[in-house]
Structures are given as structure tokens and as C-alpha cells.
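The Mg(2+) binding site annotation in TrEMBL covers B:E45. Residues annotated as Ni(2+) binding site in TrEMBL: B:C64, B:C67, B:C354. Marked as Fe cation binding site by TrEMBL: B:C67, B:C357. Here TrEMBL flags B:118-283, B:287-360 as domain 'NADH-quinone oxidoreductase subunit D'.
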Amino acid sequence: MKYLQAVVAEGLKDAAPDRHKIEFRTDVKGVTTAWCVLDEKDDLLAVARFLAEGSARLSTITAYSTEKAKRTGNFEIAYHFDLDGDTLTVSVHVPPDGEVDSITSLFDNADWPEREMAELYGIKLRGHPHPERLFIDESLGDAVFDQYIPYSTMVNAATTKGLWEKVIAKGKGKGEGTP
Amino acid sequence: MSTYKIPVGPLHVALEEPMYFKVEVEGETVTGLDIQAGHVHRGIEYLVAKRNIHQNIVLTERICSLCSNSHPFSYCMALERIGGIIVPERVEYLRVVADEIKRIASHLFNVAITAHLVGFDTLFMQVMETREIMQDTKETIFGNRMDLGANRIGGVRYDLDGEGKAYLAAQLARMKAPLDEFRDLYETNGSFLRRTKGVGVLPRADAIRLGLVGPVARASGVDYDVRRKAPYVVYDRLDFDVQTLADGDVWSRTMIRLREVKESVRIIEQCLRDIPEGPISIDAIPEIPAGEAIAKSEAPRGELIYYLRTDGSDKPARLKWRVPSYNNWKGLQVMMAGCKVADIALIVGSIDPCISCTER
């Protein structure tokens, strides 16, 4: 708890002075969760930088569009960091056509969660080294969480028939005959 | 020497779940690895937003088979945090018992598979036979061999009376002699050591850089266990040692799991000794207000984190979780660099990967 508060309070002073709200909650076992909301999404990299220097570990990233967020058209992205057992959640708001900085340069393991939020919500990343699809097939559009997609289409290996039709179509296109 | 790309998977790489590896080789040596995921993406994170908070206990238990209990357990903890629900003490002990039984069965499964992957199938059969003691136990106490259905909001759905406690204690006692035998075998058997020592090495610095968790990280000397670092239920009152080893190879990862099985046996025995009398659930579930919470637990494969956001309705506004395997895949790129083609399946198996968990 003390470690978390010291690191976070000190870091935020430089990274996002007067542009954040923070709240600490400690449970009966003495485990603390801290909740920080940044007013400016572009402060994210500076905040992530002091956390990386303070030996935080990125646990995961949650992107979401709540009912309220849907009305305003914003996405909320919550970055969950582990600091020796305590958890700090840093949230930013991103407008629908806005971009958010990739933190992969500071946290190697941000790679997969960032690609996942890009394919599920259509969030655009700035500075991701290889922003390809992670789980969702290329043939599906962006932001699948906002669409209705049948299960068989959603999974890559849809059905045997569908897979072979793709293979045959590809083979014909190359003039190699049918397999 | 020219390099080739060989496809490994998506089926039957160490286990019956699909993951596709594009492996770059020079002769027999691996020089690069590209992982392609997405074969079992089921969109469960979307589905949980369409179901109410009770239905999601059932759904989250079906994310994974080997760590099935960790999901509803952590999800309930997140809900209880938002609802300000204090669970009875007896519930906290019963939750530990259920989770540790699952850990024993999960770890022994991987320890057995590792023996199979090095071609030591008699050992595989023996370990699976011992694991069967825990499978029987689950079936007897919970009525199921995989999904326990043990958790509910503010309580559990099973109880241990005097007879149940005696049965569980006897089952644990039956495991001790075989577990010691396995420890000796895995520590000294020449052919096992030759295939696993110094193979698939993950240095500590890489484990930290890539944010790896669980037995994979602990086998590389990262002293992190959620049960110790961020205690939940009654883990702060139980006596157990967090296992770490320094070498970060396939052998170390196997030994960490084998040692943790013994710790889990110790933990359950303490629970049976200390569990107080009392209710197994709160009387009535209060309305869950709008709020957000984090709940973490040490699943068999490492840190499992749940993030729940509610808006006062009976459906979660957002429910997100990250399973330990999700982080651990990246470790393979370090472990496989310079390894032999013949060791690929063994190294993949050594991170005890769970694909249905990873892709959800």
C-alpha cells in the first residue's frame, strides 16, 4: 500500500499534474486497488513510463463502451498494473475516431491486449510495432463487439465445407486448378 | 545453411487444443517463432454482457476445464467487492479447498503430459493414476470430475460434514507416498533429466520483461504468487511455501508444479483442521450497485485477474479477465530460440498452455 501510494503519487505529479483523479481502496487483507482517471489520453505514455521505471507489471488492458460512453461516442480504456500485489487501474477516454498511444515500447506484454482491443472495438493504436489481427479472422470487419456475427463465421476454422470452398477459390485464382 | 519455415499445429502440439506455430528452422535448430491464435475464439466476453450476474457464474466456469473453478471464484469475489458482501468464514475455507483440489489435478495433468512428451509413458500412466484420486474426490464431493459448481455469490454450493472431511483427508493421505516417489523419479531419472535439463530456458530477466506469471515465472526465479502477494479468502492464515527455482528450464517448470501439489495437499489439510462451523452462504443477496472492482487469484497457471464494472442493472456493464496463459505464450519465443525441432512439443507443453482460456 505504502509502496503503491508513494510510486503513484510521485509519478503522477510529473506525468499528469492536475489532470487526473485518483482514489485508493484497501481491503481487509491489506490489499490495495488504486483507481486513476486521466483527463487527457495523451498523458498515458508519460504515466506508463514512470510505472515501467517503478517496476510495475502490466496485468491486462480492458477496453469498453458503457451505455453512457455509447451516448457520447467515447471508448474507455483501463490499463491494469500490478505493483507487487496491489493493482493500479489507469483509465483514459478515447473518442470514436481518435487514437491511443501504444505502450508496447514500455511494456512488451501490451502487444496482445492492444491488438485485441483494436479488433474487438476498432480502437486505433499509435505506434504499435505490428498492429495485425490477434484472434479474429481478417475477413471480418473491425469492431466485432458491435456486430452480430454467427459463431461459425467468427471462428477461423469455420466449417470443413467453408474452409475447402476458400481453398478451392484461392487455387482457381492462381490458375492452379482445384486441389 | 538455408532456413525453412515449418508449420507446427494447429492440432496436436503437445495437447488437444489448436494453436498454430510458424517455426523458422536452420537445419534442426529453431531460429524464429510466430504464433497464430484464434482457432477457438468463442466471444465469451461478449456473451457475459448479455447474461445476468447469476448466469455468468455458470458461463465463466466453462471458459476453461482445468482451471474452471478459478473463474467463477474470482468473478464472485469481484461481485462481492462491489456489493460490499462479507462472506462467512466457513465459505472462505471451503473456497480454498475447492481451488486447491483443482490445482492438484491441473498440475498433475501437466506433470504427466511432460513424461508422455519425453516418451516415458509408464511414468505418464502412474502420474495419471495418482491424479485419478483427485478426480474421484471431485466426483464424490462435488458430483463432477471437472466443473465443480462450487461458487455462488456470497457463498458456496457444497459443504463438508464430518464424513466428508474424513473422506477428503483419507484421499489426500493416499497421494503422499506416490507423490514422494514421483519427486525422486523426476529428480533422478537419467532419461528424463537428459530431455528436460537445460531445455527451453527462460532467464529471469525475460520472464519479468514479458510479464510472465505462475509456475512458469517461478521456475525462472520470479517470487510471485497471488496467494502470498495479494492474499484473498484465508490464504493469509495458511502456512505454505511459495516454490521457486533458478534455472527456468523444462525440468524446473515440471518440478515447481510437482512441489506445489505437495503444498496444496498441506493447505487442504490445514483447512480441514481449522475450518469453523457456520453457514455456507449469506442469507440474501443485496442489490449489486454501480461500481467497479478488481479480483485476483492464483489459478493453477498463475495470476488470474478479473475486472468487473456494474451499472446497477442485473447485467455486467463490462466483465474482463486475463488468464495466466495469455501472458505466458510470449515466453515461448525466448524458450524456443536455438532449441531442436524435437523439443518443440515438450517446450510448448512446459508452459502448461490453455488455449480455450487464452482466446475465450
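The backbone N, Cα and C atoms fix where each Cβ goes, glycine too.
Between the C-alpha atoms of B:C64 (Ni(2+) binding site) and B:C357 (Fe cation binding site), the distance comes to 5 Å. According to DSSP, the secondary structure content of the domain 'NADH-quinone oxidoreductase subunit D' (B:287-360) in residues is 26 helix, 28 strand, 20 coil. Note: the Ni(2+) site is recorded as B:C64, B:C67, B:C354; in the same chain, B:I63, B:S65, B:L66, B:S68, B:S70, B:H71, B:S106, B:A299, B:P300, B:R301, B:V323, B:S325, B:S356, B:C357 also have Cβ atoms within 8 Å of that site's Cβ centroid. In the predicted model, residues of the domain 'NADH-quinone oxidoreductase subunit D' (B:287-360) average a pLDDT of 90. When other Cβ atoms within 10 Å of the Cβ of B:C357 (Fe cation binding site) are tallied across all protein chains shown, the result is 26. The 10 Å shell around the Cβ of the residue listed as 'Mg(2+) binding site' contains 19 further Cβ atoms across the protein chains shown. Other Cβ atoms within 10 Å of the Cβ of B:C64 (Ni(2+) binding site), summed over all protein chains shown, number 26.
Spacing of B:C354 (Ni(2+) binding site) relative to B:E45 (Mg(2+) binding site) is 17 Å (Cα to Cα, whole number). Taking CA atoms as the reference points, B:C357 (Fe cation binding site) and B:C67 (Ni(2+) binding site) are 9 Å apart. Distance between Cα atoms for B:E45 (Mg(2+) binding site) and B:C67 (Ni(2+) binding site): 17 Å, as a whole number. Close to B:C67 (Ni(2+) binding site) in the fold, though at least 6 residues off in sequence, lie B:K102, B:S106, B:A299, B:P300, B:R301, B:L304, B:V323, B:C354, B:C357, each with a CB less than 8 Å from its CB.
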